[in-house]
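Colleague: Provided herewith is a single structure, encoded as structure tokens, for subsequent inquiry.
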């Protein structure tokens, strides 16, 4: 490619080359060929700059996205103004007393601009601060009215808008995507009966049984308070000290140390509702349910070496992959699954359905796939949609209800409390991304950041001034008012755990035994790496002792890597009992049951100076037929000319690239002179 602008009129130069005053505010600075505008059609990953979702996929509108049109605003072809609508003549300079004099306090344009900038940030989420989101829709496969009266599950033709946020747990908003951690998987359903939030993770269980311990667990896993280290990882003393003293954490720790802790992408990650909920049908009959999301792209993970390198080379790897997949038309898809347990079978297991540290093995209760979710549009603005989204497990609709899971019960309080703190008051439901698509009316008034203008003169009930509107809706089989399930509750007021919560090792053992041999090696490596960062030796020894109660082979392998010798007592620990007689469950492994395909994956093709056009075109055609995106690598940026004169554009510079599936390290091109 020519380096001289007079020979290449499409090469762009800086608009300012001399010492004169820069005044770009009134000039057109975009390329005349319009190349700055994103294409509306699907675009392969990296082919052009990314774009707001509304500019990329205009055919994916739904009821929720249409409601956002009222607040969505572009700025092209509009004059620059203050927030009060006053047009700005000069956005380059402060108002001064002379060109070299002091800045004047009366400069309201400067004051507004600086003051707003000073207050742009809001408190980040205490956990799940690092996240990425997308819009989409959900559609059931058939009517589920036999088990729930929830309207969005009653008709296979009903399409419900959704907004999904994926996240890590430990790190801050600026931490890396590919750290070893649990991932959040939160889905907001904008149903015609109100909002339903399914707020889960990529593991079917959690670290603790009772919400009373949630602050302790989070304090332990977060950066240590005296020096705020480490960021985005659990490899430190306070976390493992807590784990070693709280065996209820071990099951979820096993998942985190496995390949589940370093997913390949959000598209290849399962999701779980964690808790046992209830489905209620029109007759008032309840069924216990645990929620699952099954990715249609299949399950996949990174390996630890990849995860570490990506953390340094592309800390936004998962966020970028999700965004570019949607732009390319490779829409992530997930099937919603139910594990259903009749109320009369509540006690047929040797574990408690209310225990959030225990899963229900799919070998015992298969997952019924009841509908599909597709994510087909990126947000327009990261802050307005991702950061201001408020998910809450207490947001449910008629046909759903809670159980007495003690962790869930605490979450029902905590989420409202933290949204008020993070989003500035009780009116966070009026933020556009959080508004339901159905009408909502009540007597709640005023407060910080109130947006709606209530015209009802009566702000109480009962009232005759406004004929008692808005009024209650009696419960009913369809579109009725919410009615809590009439569960019989009795007992003394006590602070104690149920004895049925008291076994901690059988479920971690089931998870361990269900892994393939290489997945077990990865778990050993995960524990070994994390514990090698623990400074206090007695903490490492306590964790190994806990592992010995799960499986001797696991404990011995980790102990060997840490230079710890097991005691005779540890070598003779009796293994925990099987879970309901079950020794293995293949669904707990990522790879025991192959699934998914290559659609949407990215393959890198390394080129040299002797490219055969016919061969390369044949490869590209074969990959395209399978829905695979090919990226060309060369020794420099620019175009590559093949043997027949064909020019292949959009080649990438061969320099520690990270966009392709599998490993793609730095390789000097001279080693590949004979490669075609």
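Note: Cβ is positioned from N, Cα and C throughout, glycine not excepted.
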Colleague: Examine the ranges 424-458, 459-493, 494-528 and name the one recorded by TrEMBL as region 'Disordered'.
Modeller: 459-493
Colleague: To which of 196, 207, 214, 217 does TrEMBL also attribute binding of heme at the site defined by 125, 165, 411, 415, 422?
Modeller: 214
Colleague: Which value in Å gives the longest Cα to Cα span across the heme site residues 125, 165, 214, 411, 415, 422 as recorded?
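Modeller: 21 Å is the greatest Cα spacing among the residues binding heme.
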Colleague: Please state whether DSSP places residue 125 (heme binding site) in a helix, a strand or coil.
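Modeller: Coil, per DSSP.
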Colleague: Helix, strand or coil for residue 214 (heme binding site)? Use DSSP.
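Modeller: The three-state answer is helix.
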Colleague: If you average the pLDDT over the domain 'Catalase core' (81-469), what number do you get?
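Modeller: Across the residues of the domain 'Catalase core' (81-469) the model's pLDDT averages 97 on the 0 to 100 scale.
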Colleague: By DSSP, what is the split of the region 'Disordered' (459-493) into helix, strand and coil residues?
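Modeller: Counting residues per DSSP class in the region 'Disordered' (459-493), I get 0 helix, 0 strand, 35 coil.
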Colleague: Please list, in sequence order, the residues in the chain of residue 201 (active site) that are at least six apart in sequence and whose C-beta is under 8 Å away from its C-beta.
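Modeller: In sequence order, the residues whose Cβ lies under 8 Å from that of residue 201 (active site) (at least 6 apart) are 169, 182, 183, 184, 185, 271, 272, 274.
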